[in-house]
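Swiss-Prot annotations:
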- LYS22, GLY93, ARG121, GLN170, ARG351, ARG394, LYS419: phosphoenolpyruvate binding site (BINDING)
- LYS22, SER23, ARG27, SER168, SER169, GLN170, SER199, ASP320, LYS347: 3-phosphoshikimate binding site (BINDING)
- ASP320: active site, proton acceptor (ACT_SITE)
Amino acid sequence: MDYLDLGPYSSASGTVRLPGSKSISNRVLLLAALAEGETTITNLLDSDDTRVMLDALGTLGVKLARDGDTCVVTGTRGAFTAKTADLFLGNAGTAVRPLTAALAVNGGDYRVHGVPRMHERPIGDLVDGLRQIGAQIDYELNEGYPPLRIKPANISVDAPIRVRGDVSSQFLTALLMTLPLVKAKDGKIVVEVDGELISKPYIDITIRLMERFGVTVERDGWQRFVVPAGVRYRSPGRIMVEGDASSASYFLAAGALGGGPLRVEGVGRASIQGDVGFANALMQMGANVTMGDDWIDVRGIGHDHGKLEPIDMDFNLIPDAAMTIAVAALFANGTSTLRNIASWRVKETDRIAAMATELRKVGAIIEEGPDYLVVTPPEKLTPNAAIDTYDDHRMAMCFSLVSLGGVPVRINDPKCVGKTFPDYFDRFAALAKA
């Protein structure tokens, strides 16, 4: 098996410019493809997840011109020209869910599938929502999961669409992005969320980006959304993808654990991503954090004892960045509790189980619940732990931080970071020092 040995490191400092946000990149690509006009996207993330979206859009007849991190997309004015396609979407939830919705109203015959793990990630709530407006979608293997067959359908809206919000916010995102393409009698479509909506900041990203493309969604709290029907997205001309706030979390934690000063460029106060909230969680743990509009500085830990304070927090709003807190908790002077993280179980892997298993390898005492994780750090980290990564980019990036505890650590299958951050380990090595 491929592996990478890191550390031991005693400090981390320097400046890192973040790659583009995965969540924003794939949303903007789809919106630009559906819009009227030509859109120039800058700072587009180059990763496995964006490549599968680009490949799919190309297969569907969208004209794309890429040059480095810039992509010029010629919009299709709301309808893909290819009426049959077989689309392989890897393990990219940000591609599978929104594309499924867009294809369901496109009047074609499509197959949507991915890697084996994608076929274990739920999509039933989205399909149920789309069937309410007449979409013809069949499951090829297991009810509620990809692969999917999508067929031409008579789409009509005559009542509010109901969708569950407690498994993944991507189901609601997919509906919101697609419904402007659908006609309705009174010119608007209502979406009602059943249960508590998780990961609300990701819905905020969706609504803000739709607005950049000329479509305004009204919302009543987080339970009711009103979407204009039968309208056209319009290209904003140019749009820049801000840095990936989830990816920022590893470097911000490194700046705390490794003393800093460490500056992350590309996200800050002006970010539309909820995961910048990670900086506040890190501050609660005692890190010295300063934030500008598009940068964040971290300069070590503000306690004389040099350890982070333990944290007990609800991480429903920032589930991806919360993984970094679980590893940072190894460096706290007490027990930390991460609550309301049930969504971890349906991500790239079952992240609660994976995180519990790997934290134990470095000596932590772990209590794992259906939607929580309790981390008690060891007196001393176990050196030379071989960390399994479960084909999950975030597991690999999180556990790189163990090397800042003065012990070497082995990361198995390090190339899995290609999903969102192909050169992560090069960037990390440039900042970490023995």
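The backbone N, Cα and C atoms fix where each Cβ goes, glycine too.
The Cβ of ARG121 (phosphoenolpyruvate binding site) has 20 neighbouring Cβ atoms from other residues within 10 Å, across all protein chains displayed.
Using a 10 Å Cβ-Cβ cutoff, LYS419 (phosphoenolpyruvate binding site) registers 23 neighbours.
Distance from the CA of GLY93 (phosphoenolpyruvate binding site) to the CA of ARG27 (3-phosphoshikimate binding site) is 11 Å. Proximity to SER169 (3-phosphoshikimate binding site), defined by a C-alpha to C-alpha distance within 10 angstroms, is shown by none of the binding-site residues LYS22, ARG121, LYS419.
Here the C-alpha separation of GLN170 (phosphoenolpyruvate binding site) and SER199 (3-phosphoshikimate binding site) works out to 9 Å. Following the DSSP three-state reduction, the secondary structure of ARG121 (phosphoenolpyruvate binding site) is coil. Around the Cβ of ARG351 (phosphoenolpyruvate binding site), the number of neighbouring Cβ atoms within 10 Å comes to 25. Looking at ARG121 (phosphoenolpyruvate binding site) and LYS347 (3-phosphoshikimate binding site), their Cα atoms lie 7 Å from each other. Ranked by Cβ neighbours within 10 A across all protein chains shown, the binding-site residues LYS22, LYS347 are led by LYS22. Cβ neighbours within 10 Å of GLY93 (phosphoenolpyruvate binding site), excluding its own Cβ and spanning all shown chains: 24. Non-local contacts of ASP320 (active site, proton acceptor) by the CB criterion (under 8 A, 6+ apart in sequence, same chain) comprise SER246, SER249, ASP275, ARG394. Cα separation, GLY93 (phosphoenolpyruvate binding site) to LYS347 (3-phosphoshikimate binding site), rounded: 8 Å.
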